[in-house]
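According to Swiss-Prot, the protein has these features:
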{"type": "BINDING", "residues": "71-76, 105-109, 129-130, K142, K151, 169-172", "note": "NAD(+) binding site"}
{"type": "BINDING", "residues": "E184, H247, H264", "note": "Zn(2+) binding site"}
Amino acid sequence: MTQQIQVDLGERSYPIYIGQSLMSDSETLSRYLLKKRILIVTNETVAPLYLKQIQDTMASFGEVSSVILPDGEQFKDLTHLDSIFTALLQRNYARDSVLVALGGGVIGDMTGFAAACYQRGVDFIQIPTTLLSQVDSSVGGKTAVNHPLGKNMIGAFYQPQIVIIDTECLQTLPAREFAAGMAEVIKYGIMWDAEFFQWLENNVQALKSLDTQALVYAISRCCEIKADVVSQDETEQGVRALLNLGHTFGHAIEAEMGYGNWLHGEAVAAGTVLAAQTAKSMGLIDESIVRRIVQLFHAFDLPITAPESMDFDSFIKHMRRDKKVLGGQIRLVLPTAIGRADVFSQVPESTLEQVICCA
């Protein structure tokens, strides 16, 4: 059964469809693609699995071309973004074109940013193929590429026309990538929904065995939460910042260790544990909450400690470049209970040093 969730942003509202076999559902896509020139952006891993299927689905609507990029966070940069622009220009794509992101978070972020920039904005569609992109990066309009000095530092807020989440894609997802996606799923429970967190604790095996009903529920609940948050705060001036739980520490891990060596979800898991330990040190939560968070990440085979090679100085140099920094102050999203979080801008560096050094 297909679930539909609406992201309510006035004239820029759009639906999210979640279910099975949706990549073959031409009816759902028809209103967004009819008489359009279509460029599918994908990568070398996804193309052999799903490119022909989606090309066949879209062929009746108009001209369909594709560009295939290398696979990996290390390729999410201006050089490979330019490959998308080159493909569009060489084929004389105009403003009535549609870009289709077929892949994980890297492809979605790059395609969305290309759509935002090309001829000052063309339509794009998200078809996320990884769990992480299905529950997080495909929804909400954040688009970006990385810079050697920081993650997602060059980008824009630009909403898709529609998000198509086909759960059958998860059958071909490597176990490590699935676990990385679960880090973002768990994040939603920690920062927003205590009942969902408890449901995750009770359904570890169902999710790890890719039970369809469990997957659809988990993905739908995450998308509901994100749609609610984004509808309240599209450009991250307030409540949307809570979605960055674990990300300030996590982005530091990714940047220091080299993009792609730690998957984004792996870094978020370790970063969320550090955030929970920081919250405990500040008296915001007790040890039992930290323990539940650690146990749930561990149940999905996610890292619960930072890399041994990273010391306080390694973290802090990257955290000072974080996009949430205001007035020179590092701002951290910290849990205040299971199901609640807040943004804190007065976290003593001595507390951070103690947490990082003891991790």
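Keep in mind that glycine also has a Cβ here, set from the backbone N, Cα and C atoms.
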Most Cβ neighbours inside 10 Å, all chains, among the binding-site residues G105, G108: G108
Other CB atoms, at most 10 A from the CB of Q74 (NAD(+) binding site): 14
Top Cα neighbour of G105 (NAD(+) binding site) in the set of binding-site residues E184, H247, H264: H264
Distance, H247 (Zn(2+) binding site) to C169 (NAD(+) binding site) (CA atoms, angstrom): 26
Sequence-distant neighbours of E184 (Zn(2+) binding site) in its chain (C-beta under 8 A, six or more apart): L131, L132, V135, D136, C222, G265, V268
Neighbour-count leader, CB within 10 A, binding-site residues: T130, T172: T130
Number of other Cβ atoms within 10 Å of the Cβ of C169 (NAD(+) binding site) across all protein chains: 24
Near-site residues: Zn(2+), ref E184, H247, H264, CB cutoff 8 A to centroid: L132, D136, A183, K187, G246, G250, G265, A267, V268, G271
Cα distance (Å, whole number) from H247 (Zn(2+) binding site) to T130 (NAD(+) binding site): 19
Rounded Cα-Cα span from H264 (Zn(2+) binding site) to T172 (NAD(+) binding site), Å: 19
Inter-residue Cα distance where the pair is H247 (Zn(2+) binding site) and D71 (NAD(+) binding site), in Å: 22
For the binding-site residues D71, H264, the one whose C-beta sees the most other C-beta atoms within 10 angstroms: H264
Number of other Cβ atoms within 10 Å of the Cβ of H247 (Zn(2+) binding site) across all protein chains: 26
